[in-house]
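Below is one structure, written out as structure tokens; the observations come after it.
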Amino acid sequence: MDAVSRAVDIPLAIMSTHSVTIKQPEEIATLSSTPVTLEHARNVGNIGGRIKQAQRKLTTRRGWLGDYDYAWLCMPTLPWKHNGKRTAPPFYSLDSELPLLLAAASGLQHALAMLAGLITPPIVIAGSLNLDSETSAYMISASLIGSGILSLVQMSRIRLFGGYYLGTGLLAVVGTSFASVSTANAVFDALYADGTCPSTTSEDGTVTRGACPDAYGLFLGTSLVCAFLEILISFIPAHTLKRVFPPIVTGTVIVMVGASLIGSSGIANWGGGSNNCMHRPPSGPFQLCPNTAAPRPLPWGSPEFIGLGFLSFVSIILTELFGSPFLKNASVIVGVAVGCIVAGAAGYIDGSSIQSAPVITFIWVHTFKLRVYAPAILPVMAVYVALAMEAIGDITASAELSRLPVVGEEFDSRIQGGLLGDGIGGFVSALFTVTPLSNFAQNNGVIAITRCANRTAGQFCCMFLILFGIFGKISGVFLAIPNPVLGGVTTFLFASVAVSGLRVLAYTRFTRRDRFVLGAALSFGIGDLLVPEIFTHLFDGVDNPSKGLEGLFSSITIVLDTPFLISGLVALVLNLMLPEESDDDDDDDDGVVEALDVEAQPHSKESYIQKSRRTQTSY
């Protein structure tokens with residue numbers, strides 16, 4: 001069965017994937033690079049055969065290079081030059097024999113595609129808590145190492161009791177979730193507000209937050225406990241998950257995650273910093289950005305800062321226009337590199353984080369007091385529900401691009417194993433001193449462009465991530481990235497997350513009922529984005545509440561103040577409450593729905609085929 005006909009039966013509820021538009025070659029050369037013969041299968045099954053196979057792979061040209069078109073992978077592209085049809089590189093399936101050079105090159109691409117997404121959450125969280133550079137660099141290293149180790153688990157397919165599995169058995173990677181960043185910031189705000197974390201107020205009313213590593217420990221401890229929710233979700237039948245989490249819910253959540261991160265971190269850093277300096281206080285260490293002790297501090301929003309961020313942003317666009325397929329998968333890293341080169345030449349980079357970072361590091365070099373913060377339990381549980389939604393779509397995309405069935409018992413078991421791996425990953429990541437890890441969609445773009453869905457490449461990716469984390473100076477380099485450069489690339493990165501949510505919403509039929517649900521959900525989500533303080537004083541009128549009641553109020557306030565949590569909750573409840581509409585009940589105001597009926601109804605086989613074709617050229 002070909003990829004298009006398989007995509008016809010993809011359930012709507014599992015079509016939530018991230019995407020970066022990259023045109024693939026038009027022709028497919030072969031479906032397997034190395035035919036598996038009976039003799040080969042027998043040789044692999046014994047130790048002598050494995051030694052012989054390893055020797056052949058290490059000592060022959062085919063073992064190192066194979067038949068892959070490396071020139072196509074590495075040569076730059078000219079958008080105005082058309083050479084007509086060309087043969088695409090061979091497709092390397094899940095367990096086919098993979099040349100060593102291609103395995104390393106593809107694994108490095110996966111690692112580079114993930115890199116910006118892995119270093120951004122710890123940088124943002126460390127900045128929110130004003131942690132010192134040594135601790136911040138450790139958090140970046142721990143994120144990289146934890147992602148590498150737990151991605152190996154997610155790529156496995158370990159059979160458990162009763163037909164259940166752990167892991168997807170696909171080239172599926174996990175990374176630090178963006179969804180946890182917004183919730184973490186809301187939790188940290190509550191901890192500073194109730195005095196758990198230190199802060200000082202100057203005469204002019206400027207509030208300066210002190211370092212608060214204990215807040216990070218509270219969030220990690222809460223995440224560890226709440227991870228059991230996603231573990232339980234993994235054992236829920238697939239048809240129930242599809243009904244509870246359709247695209248109208250998952251798409252809304254992903255859109256609001258991206259949008260809230262743009263406002264709270266991306267644009268704020270682009271202007272010079274997301275810390276207290278963005279309020280331009282008249283005095284104090286944050287009078288200038290990132291602070292008055294920086295090499296070249298400037299007021300927030302200065303043209304120099306805006307220019308640096310814009311340079312990084314434009315570099316991403318130019319890489320997409322002219323870069324080779326290899327570079328396109330690492331366009332965000334190219335933007336970071338170009339911005340840092342110019343910023344370094346202009347004197348904006350503070351190298352102290354590089355000097356203070358250790359040469360070699362590992363997890364548990366720094367530790368945090370793991371405790372549970374009761375008011376954060378409900379918000380963090382909602383985060384894990386969002387992670388489950390996202391994981392379903394990412395695993396579906398990985399299976400489709402790997403040319404594996406996306407319906408049936410085997411596929412359902414991959415979803416179940418992936419969700420279980422996600423939940424266990426959230427538990428273990430807290431022990432690794434890392435915020436919740438979830439399935440990353442960046443690897444799907446790499447699979448699409450390189451035509452390599454082989455798990456050996458994924459294992460090389462994990463090796464590179466672990467090495468990046470172990471070499472502590474690399475984390476010091478990431479930490480030295482100037483805020484405007486970081487803001488320019490993360491604004492694009494967060495906007496890509498929001499676009500992924502829009503893509504998921506595109507699979508909704510958008511009947512009158514669907515538009516009502518989406519409108520109600522976005523009313524709260526967008527309202528939170530534009531007026532963040534609206535729910536802050538909701539319970540101020542309650543006199544002398546007990547400690548337990550205060551915790552409940554704080555929990556409710558965190559949910560209401562987090563755009564993706566409140567909008568996702570509204571979408572979830574309304575979608576379950578409002579009755580479904582038949583085709584005859586669709587709103588036909590001005591004939592719009594009737595005119596767009598062919599495109600709007602995803603139940604149509606033709607519409608599915610059109611969308612699946614677009615999907616294959618849009619990762």
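The backbone N, Cα and C atoms fix where each Cβ goes, and this holds for glycine too.
Please treat TrEMBL annotations as automatic predictions, because they have not gone through curation.
Residues annotated as compositional bias 'Acidic residues' in TrEMBL: 582-592.
Here TrEMBL flags 609-619 as compositional bias 'Polar residues'.
Summarising the annotation, TrEMBL assigns region 'Disordered' to 582-619.
The transmembrane segment annotation in TrEMBL covers 100-124 (among others). Here the transmembrane segment (100-124) has long-range neighbours at 57-58, 63-66, 68, 70, 73, 92, 136, 139-140, 142-144, 147, 171, 173, 175-178, 180-181, 185, 265, 274, 326, 329-330, 332-333, 336, 434-435, 440, 442-443, 445-446, 450, 452, 454, 456-465, 468, 475, 478-479, 481, 486, 489-490, 493, meaning same-chain residues at least 6 beyond its ends whose C-beta is under 8 angstroms from one of its own.
If one looks beyond the transmembrane segment (136-153) by at least 6 residues along the same chain, the residues whose Cβ comes under 8 Å of a Cβ in the stretch are 114, 118-119, 121-123, 125-127, 166-167, 172-176, 353, 356-357, 361-363, 365-366, 421, 424-425, 428-429, 432-435, 437, 458-459, 461-466, 468-470, 472, 474-476, 478-479. Positions annotated as transmembrane segment by TrEMBL: 136-153 (among others).
Listed by sequence, the residues of this chain that lie at least six past the ends of the transmembrane segment (165-188) yet keep a Cβ under 8 A from its Cβ atoms are 94, 110, 114, 117-118, 120-122, 124-125, 128-129, 143, 147, 150-151, 153-159, 197, 212, 215, 218-219, 222-223, 253, 257-258, 260-261, 264-265, 373, 375-376, 379-380, 382-383, 386-387, 390, 394-395, 398-399, 402, 404, 413-414, 416-418, 420-422, 424-425, 434-440, 442-443, 447, 453-455, 457-458, 461-462, 494, 497, 558, 561-565. Sequence annotations record features per position, and here TrEMBL assigns transmembrane segment to 165-188 (among others).
Summarising the annotation, TrEMBL assigns transmembrane segment to 215-236 (among others). Sequence-distant contacts of the transmembrane segment (215-236) (same chain, six or more residues past either end, CB-CB distance under 8 Å): 125, 129, 131, 164, 180, 184, 187-188, 191-192, 196-197, 368-373, 376-377, 380-381, 383-385, 387-388, 416-417, 419-420, 422-424, 426-427, 429-431, 433-436.
Outside the transmembrane segment (248-268) by six or more residues, the chain places 13, 16, 120, 124, 178-179, 181-182, 185, 274, 278, 386, 389-390, 392-393, 487, 490-491, 493-508, 514, 517-518, 521-522, 525-526, 528-529, 562-564, 567-568, 571-572, 575 with a CB less than 8 A from a CB of the stretch. What TrEMBL lists as transmembrane segment is 248-268 (among others).
For 305-323 (among others), the entry in TrEMBL reads transmembrane segment.
What TrEMBL lists as transmembrane segment is 330-349 (among others). Residues 109, 112-113, 115-116, 294-296, 304, 308-309, 311-313, 315-316, 319-320, 323, 480-482, 484-486, 488-489, 492-493 of the same chain lie 6+ residues outside the transmembrane segment (330-349) yet bring a C-beta within less than 8 angstroms of a C-beta in it.
The annotation transmembrane segment is assigned in TrEMBL to 372-393 (among others).
Within its own chain, the transmembrane segment (460-479) is flanked in space by residues 103-104, 106-108, 110-111, 114-115, 118-119, 123, 133, 136-138, 140-149, 151-152, 155, 173, 353-362, 443, which lie at least six positions past its ends and keep a Cβ under 8 Å from the stretch. Under the heading transmembrane segment, TrEMBL lists 460-479 (among others).
According to TrEMBL, the feature transmembrane segment maps to 485-505 (among others).
Note on the transmembrane segment (517-539): residues 248, 252, 255-256, 259-260, 263, 505, 508, 545, 553, 556-557, 560-564, 566-568, 570-571, 574-575, 578 of its chain, located 6 or more positions outside it, place their CB under 8 angstroms from a CB of the stretch. The transmembrane segment annotation in TrEMBL covers 517-539 (among others).
Taken from TrEMBL, the feature transmembrane segment covers 551-574 (among others).
The recorded stretches the transmembrane segment (551-574) and the transmembrane segment (372-393) share 3+ CB pairs below 8 A when only pairs 6 or more apart in sequence are counted, and are therefore in contact. Listed as Cβ neighbours of the transmembrane segment (485-505) (distance under 8 Å, sequence separation of 6 or more from its ends, same chain) are residues 15-20, 116-117, 120, 123, 178, 247-248, 250-259, 261-262, 265-271, 308-313, 316, 332, 335-336, 339-340, 343, 393, 441, 518, 618.
Residues 13-17, 177, 179-180, 183, 186-187, 190-191, 218-219, 221-223, 225-227, 229-230, 233-234, 241, 245, 249-250, 253-254, 257, 415, 418-419, 422-423, 426, 436, 438-439, 441, 504, 551-556, 558-559, 562, 564-565, 568-569 of the same chain lie 6 or more positions beyond the ends of the transmembrane segment (372-393) yet place their CB under 8 Å from a CB of it.
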